[in-house]
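Questions regarding the structure given below will be posed in turn.
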Amino acid sequence: MTTRAAAILMLMLTLPAAALLVAADDVRVDTIRLPSDGGEGLATSKGGEELTLALPDKVVAAREENVGDVLEDEERPWACCNSTVCTKSMPPTCRCLDEVEECAAACKRCEPSGFNPASHVCNDQYHGDPGPTCAKEERPWTCCDRTVCTKSFPPTCRCLDEVEECAPACKRCEPFGINPNRHVCNDQYHGDPGPSRGASSSLGSPRSPPPSYGSIVTVLSIDGGGVRGIIPGTILAFLEEKLQELDGPEARISDYFDVIAGTSTGGLVTAMLSAPDDAGRPLFAAKDINQFYLDHCPNIFPQARSMMGPKYNGEYLHTVVKKLLGETRVGDTLNNVVIPTFDIKLLQPTIFPTYNAMKDKSKNALLSDVCISTSAAPTYLPGHHFQTEHEDGRPRDFNLIDGGVAANNPTLLAMTDVSKQILMGNPDFFPIKPADYDKFMILSLGTGTAKIEEKFDAAECGKWGLLGWLYNRGATPIIDSFSQASADLVDIHASVLFQALHCEKRYLRIQDDELKGETASVDVSTPENLNRLVDVGKALLKRQVCKVNAETGKNEPDQNRGTNEEELVNFARMLSEERKARLRKEGDVEL
């Protein structure tokens, strides 16, 4: 009992009882036994001996009178409840958090609960005694070192421990990571989370605390753009270097972002940052991304091209991606990844988020298949077919091409996926609301464009036929137009949204509109051009932060912000502070 609560209580006690509490250092208040509950007063203990102190009649009488007045006018919307949340007022205002198959007849707002559509929660408030408990709910774990609990009383908790075998009471014991012997119990429990083991039960490196431990949701988004993925690779290497200056040499990008989204080449970078190695750490450090491009792009995009079908057969890309990612699946990633593709058979986008893959076996595809699919740019690389299974063993076919057809800039996809998880009741994001975009912090990285060249005009393209739109002066106008239009529309939407919420500095878009010649190409993989792209990324760090002009579509210097380098230093500081705050909170008894 707190000092303030004890002081208030002593004002209600008889003088002898108050004197006893003040005089005895080792007296502890255990419970208050009211006459209406069959007790006699205040139950205390001193040196192991239980004592009972009388409460004055007027305190008890006031409680009974108030509750009685309310119960005459209002029917309780549940018959019994194991998990009540009540205010400290008298009479209290209460809610019942029990998940039930069918609400009581008196409940006016019976709504589906969280992940299980068959369960419901009564969202009515009731002013009065919450009533009796039902049969006691069994805790779905025997002990837990890493609990996430709400601040309500009783709390709603989840256990994040990774174990070889879940407790028998766990209803939703699901695999985690690439090791088939690692599991997490995804049940929610309303009540005390119970004891800890005293030593971590995690197998391998523990996951970063989810957003429910912090105050913001952190998002990294990476555009598509072929060999131009070197540009965001350079930006990410700088950011990771600044994070390591703050938090040590083992700091990695994936330790700081809740969601990493990537399209096409950005999807491949996303996989390199988020896929776990054998030790449970990220497969790549950010500084190694560009070396991957320098080593492999000349073979992915060889200068000897096919005259029939796609320009490149994709065989080398398939081989190197499968070797890199092995048997890692979407649900195994260290972060929630969001990678878009487009199903050419169904003519609709197919998105692969980690959270979805953890619930839907048919979406838990091999990460290599997803990366190959999102990179299959029309006319450049062949589409990709693969198959997964539903829970009941039925096959599911995917016929996919480049995600840039639908979302070359996946920023909004990442934001939408978070909102979806909140609506579904995912406790990783409690208590953020679906439209709380002012609680997002987003770093959106482009791969550069050639807008400054103004290469084509209406008079020229008005004369083109099919071939002119597909290939013209080293470019593919129809593909470039679609991908750049979708990327810019997302940037305009996100920029205006964060300005309207007065939190512009939570959104940082880094993009270069001044590429020229071969640097603007997605597939010129000569050593000279690849190294020029590294230089483009370094020069971009020195430029002033830009924001898109909604009228002209061009990026213009933002006079209220510094250089991209300076903003990334600030971004690193905010990311570090957020992570440290979460780690501190993870160790607290009450979250």
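Backbone N, Cα and C define each Cβ position, glycine as well.
Since this is a predicted model, take the numbers as computed values, not measurements.
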Between 224-229, 326-331, 512-517, 584-589, which stretch does TrEMBL give the note motif 'GXGXXG'?
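It is 224-229 that TrEMBL describes as motif 'GXGXXG'.
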Give the range, chosen from 72-76, 262-266, 392-396, that TrEMBL lists as motif 'GXSXG'.
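That would be 262-266, the stretch labelled motif 'GXSXG' in TrEMBL.
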Going along the chain, which residues at least six beyond the ends of the motif 'GXSXG' (262-266) come within the CB cut-off of under 8 Å?
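Residues 221-229, 232, 337-340, 374-375, 377, 402-404, 407-410, 445, 447.
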Can you work out which residues elsewhere in the same chain, 6+ from the ends of the motif 'GXGXXG' (224-229), have a Cβ less than 8 Å from its Cβ atoms?
262-269, 289, 293, 297, 301, 374, 377, 380, 402-404, 408, 446-448, 483, 515, 519-525, 529-530, 533
Kindly assign Ser264 (active site, nucleophile) to one of the three DSSP-derived states: helix, strand or coil.
coil
If you skip the near sequence neighbours and keep only those at least six away, which residues in the chain come within under 8 angstroms of Ser264 (active site, nucleophile), Cβ to Cβ?
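Listed in sequence order, they are Asp223, Gly224, Gly225, Gly226, Thr374, Ser375, Ala377, Asp402, Gly403, Gly404, Asn408.
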